[in-house]
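Report on the structure given below.
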Amino acid sequence: MQILLANPRGFCAGVDRAISIVENALAIYGAPIYVRHEVVHNRYVVDSLRERGAIFIEQISEVPDGAILIFSAHGVSQAVRNEAKSRDLTVFDATCPLVTKVHMEVARASRRGEESILIGHAGHPEVEGTMGQYSNPEGGMYLVESPDDVWKLTVKNEEKLSFMTQTTLSVDDTSDVIDALRKRFPKIVGPRKDDICYATTNRQEAVRALAEQAEVVLVVGSKNSSNSNRLAELAQRMGKRAFLIDDATDIQEEWVKEAKCVGVTAGASAPDILVQNVVARLQQLGGGEAIPLEGREENIVFEVPKELRVDIREVD
């Protein structure tokens, strides 16, 4: 059995930054550190940080006065931000800068009283945070997930209308929704630069290349990870058997025992150690040396807040 590795795969710059913020805060301030929502959607990462003293909460009311609070990489609404400001808390923001970019687009539309449409998945924390940047009652903020949603949508003023997208969507699906928006509302204005982030786009491109060669595709990522789910869906659409797994223990031998080529990739919130463990398990099942495919090089780095820029070795 041949093992192929998608490239790029795994951690993106926003996830790296968010995890570093929690790790550095723990090193500097000590446990406990409170984090609103899972800092990134990966069980291994969250469990590791929890063992070191991070406490993951959903409501600001769960955080005691005087504590350290970190917002997750997915971002928060203005209401959550204001609630935290009203408390005696030290707050650090791990929102991915590419999510913050979308927040700024929504806030700008809100200030102008222009209606905005967000393409995204209802209930996802990034969507809740982005929708929560809009506050102008003279305008309006709407969520759509599919072309059908677009055709059912009515707005107050089609002349002043903009759209944004969640950063972790399927590129192909989003293109279909944008096409519907432009047909339904010919004067709608989109972002100057695509809101779907570079890491989402690159990983979907990489899994497409992987699925062209592999019979079975294993996507390392947690079930609540939007970008990881999109990778598995894309491979399935290409006619391949694709499975979303948290780690190597999820692999079922019957998935791969007849396969001549198995592809492995990882969502943007999955650490490489999990990929290494998956490769090791596949090798136990008869796989050869893992061969990385060529792909786009990623060298983007997002800095942590200056108060947390410290070499953890100096703190230990």
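Yeah, the Cβs are placed from backbone N, Cα and C, and that goes for glycine too.
The Cβ of GLU126 (active site, proton donor) has HIS74, GLY75, VAL99, GLY120, GLN166, THR167, THR168, SER226 as same-chain neighbours under 8 Å, each 6 or more residues away in sequence. Annotated active site, proton donor per Swiss-Prot: GLU126, in sequence order, evidence recorded as sequence analysis.
Residues annotated as [4Fe-4S] cluster binding site in Swiss-Prot, with sequence analysis given as evidence: CYS12, CYS96, CYS197. CYS96 ([4Fe-4S] cluster binding site) falls outside any helix or strand according to DSSP and counts as coil. Residues within less than 8 Å, Cβ to Cβ, of CYS96 ([4Fe-4S] cluster binding site) and separated from it by at least 6 positions along the same chain comprise GLY14, VAL15, ARG17, ALA18, ALA73, HIS74, GLY75, THR167, CYS197, PHE302.
Summarising the annotation, Swiss-Prot assigns dimethylallyl diphosphate binding site to HIS41, HIS74, HIS124, SER225, SER226, ASN227, SER269. The Cβ neighbour count for SER269 (dimethylallyl diphosphate binding site), using a 10 Å radius and every protein chain shown, is 32.
All chains included, 24 other C-beta atoms sit within 10 angstroms of the C-beta of SER226 (dimethylallyl diphosphate binding site). According to DSSP, SER226 (dimethylallyl diphosphate binding site) sits within a helical segment. Per Swiss-Prot, the feature isopentenyl diphosphate binding site maps to HIS41, HIS74, HIS124, SER225, SER226, ASN227, SER269; the stated evidence is sequence analysis.
Note: SER225 (dimethylallyl diphosphate binding site) has non-local neighbours HIS41, ASN42, GLY267, ALA268, SER269, ALA270, i.e. same-chain residues 6+ apart with C-beta under 8 A of its own C-beta. Positions annotated as (2E)-4-hydroxy-3-methylbut-2-enyl diphosphate binding site by Swiss-Prot: HIS41, HIS74, HIS124, THR167, SER225, SER226, ASN227, SER269.
Here the CA atom of CYS12 ([4Fe-4S] cluster binding site) lies 11 Å from the CA atom of ASN227 (dimethylallyl diphosphate binding site). Site extent for (2E)-4-hydroxy-3-methylbut-2-enyl diphosphate: the farthest pair of Cα atoms among HIS41, HIS74, HIS124, THR167, SER225, SER226, ASN227, SER269 sits 15 Å apart. Rounded to the nearest whole angstrom, the C-alpha distance between HIS124 (dimethylallyl diphosphate binding site) and CYS12 ([4Fe-4S] cluster binding site) is 19.
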